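Per TrEMBL, these features apply:
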- 174-318: domain 'AAA+ ATPase' (DOMAIN)
- 182, 183, 184, 185, 186, 187, 188, 189: ATP binding site (BINDING)
């Protein structure tokens with residue numbers, strides 16, 4: 001078995017940490033012989049699955065076919081043979097004998113529920129999130145009789161077609177939690193702006209001002225939310241503004257909760273809750289299970305929670321798929337009483353269903369895109385990818401009928417330089433601009449954000465590291481960059497922050513550009529646009545962990561939008577290439593989308609959908 005574990009580490013199926021953790025926990029048990037070997041494998045596999053974003057391990061997935069997601073069938077068969085082909089009952093008996101697993105009623109490192117195995121921390125977080133949404137989804141808020149009038153004033157153009165934005169506002173006014181999901185351009189932030197106006201209008205006279213806070217997982221997403229909310233707040237009268245207390249800055253979730261340097265515990269928690277009445281979280285698909293549990297801990301009992309996001313996007317980088325799991329119950333069908341209530345408030349007849357999980361009464365799916373019309377190739381491509389219509393997506397790309405989408409089919413490695421040339425062209429505008437003596441930092445950041453090359457991978461020629469290196473060399477060759485030998489901080493270098501630093505106000509995903517200091521041009525500073533819209537420069541040597549950012553992973557692009565997005569896929573298929581990844585990449589583009597891929601790889605990716613293993617859906621059903 002030791003040889004097999006070494007091979008699994010060499011092939012990146014396990015890490016050394018996975019195996020060391022397994023060895024440590026297994027040593028706490030009375031197991032010997034094959035039972036000990038089985039437990040070593042089981043915990044290593046659970047650790048690897050958790051790193052991959054799964055909350056738990058479904059023991060029924062441990063078989064000679066599904067293990068390692070088919071990445072190495074030969075090693076799979078060898079492990080399975082050494083383990084003597086255990087069945088579900090064998091795994092359950094093994095965990096009982098181990099003494100380090102329980103049903104969660106007592107403290108043990110592992111928790112087994114039905115066929116799902118968890119590390120205890122993951123199980124506790126899932127229970128906390130499930131209990132919160134199960135309980136709060138049934139809480140009905142008392143509302144004034146004039147809500148229907150308020151909604152009519154905000155949505156005066158009543159059409160035969162249901163206006164789901166109006167439904168979403170009505171839902172959020174009458175429940176303590178509201179979950180609003182929609183694709184790009186469906187008006188999620190517009191909906192919340194109207195909700196703010198409705199909350200103010202419905203607020204009884206002489207009531208205390210509503211304390212509202214807005215947050216997002218990343219600095220870029222928080223900055224976009226800040227801009228949208230400031231537009232909405234500017235439209236309010238002085239009298240209306242007096243009815244709410246709201247910062248003009250959306251915060252990152254880490255900043256909202258009070259992240260502390262080198263500490264896992266947030267300042268705001270159950271014992272020290274946030275001082276607010278309503279919390280609005282945008283880009284909720286990026287919120288992992290642990291973060292959602294921390295948010296729930298920090299909410300006062302009376303607080304309303306409004307989640308905005310796109311359930312079709314990639315799940316969070318860390319473990320969990322909270323928004324996707326919550327929206328599993330969404331179909332815009334409601335319980336009888338809820339459908340009648342929303343119909344009475346909005347004037348739209350809604351479908352009722354007899355079998356409806358309580359959480360479904362708190363979810364609204366926005367369906368109409370106001371950004372992409374029938375002439376938009378991006379909109380159609382996103383729809384085909386979302387629906388898994390690979391043939392239609394390929395026909396659309398091959399037809400070349402739309403100006404806003406382009407497909408470059410890789411036939412061999414010789415096509416690789418065309419991607420680099422495209423990137424050089426895309427980044428030339430901001431690099432030429434910063435050569436001007438009187439350039440504006442804000443304009444430089446805006447020009448850089450017009451184009452972005454995305455990759456699915458980190459390593460290899462088609463990964464972030466390889467592409468960043470090749471683009472740097474090409475830009476130097478074109479004299480768009482000037483770099484001394486071994487110079488790290490050259491003018492124009494874009495960098496992405498990889499680790500939160502609450503002291504500096506820089507967070508994972510923030511992007512800045514290296515430019516001459518405004519106070520001393522002989523020195524270099526890295527300038528970032530912060531969540532409140534301010535531009536701030538930092539010494540390169542004070543930055544937390546970072547990397548060059550001509551290319552970013554699709555995961556890191558979540559919460560951002562660019563005028564022109566180019567996506568490059570590798571020439572060999574990888575399990576990371578999924579429908580959700582492609583959909584996320586395509587919907588980052590506002591005006592132009594360019595795809596570089598082999599047709600077979602792209603088609604297979606559209607047909608590939610990997611679901612995160614969690615127990616949240618079962619807990620909420």
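Backbone N, Cα and C atoms are what each Cβ position is placed from, and that goes for glycine too.
Just so it is clear, the model here is predicted, and its values are computed rather than measured.
Considering only the binding-site residues 183, 187, 188, the Cβ with the fewest other Cβ atoms within 10 Å is that of 187.
Within 8 Å of the Cβ centroid of the ATP site, not counting the listed residues 182, 183, 184, 185, 186, 187, 188, 189, the chain contributes 190, 310, 366, 369, 370, 371. The Cβ of residue 185 (ATP binding site) lies under 8 Å from the Cβ of 369, 370, 371, 372, 379, each of which sits 6+ residues away along the same chain. When Cβ neighbours within 10 Å are tallied across all protein chains shown, the highest count among the binding-site residues 186, 189 belongs to 186.
Secondary structure of the domain 'AAA+ ATPase' (174-318) per DSSP, as helix, strand and coil residue counts: 54 helix, 29 strand, 62 coil. Mean pLDDT, taken over the domain 'AAA+ ATPase' (174-318), works out to 86 on the 0 to 100 scale. The number of other Cβ atoms within 10 Å of the Cβ belonging to residue 184 (ATP binding site), over all protein chains shown, comes to 21.
Here residue 182 (ATP binding site) comes close to 164, 188, 310, 365, 366, 367: these same-chain residues lie at least six apart in sequence, with C-beta atoms under 8 angstroms from its C-beta.
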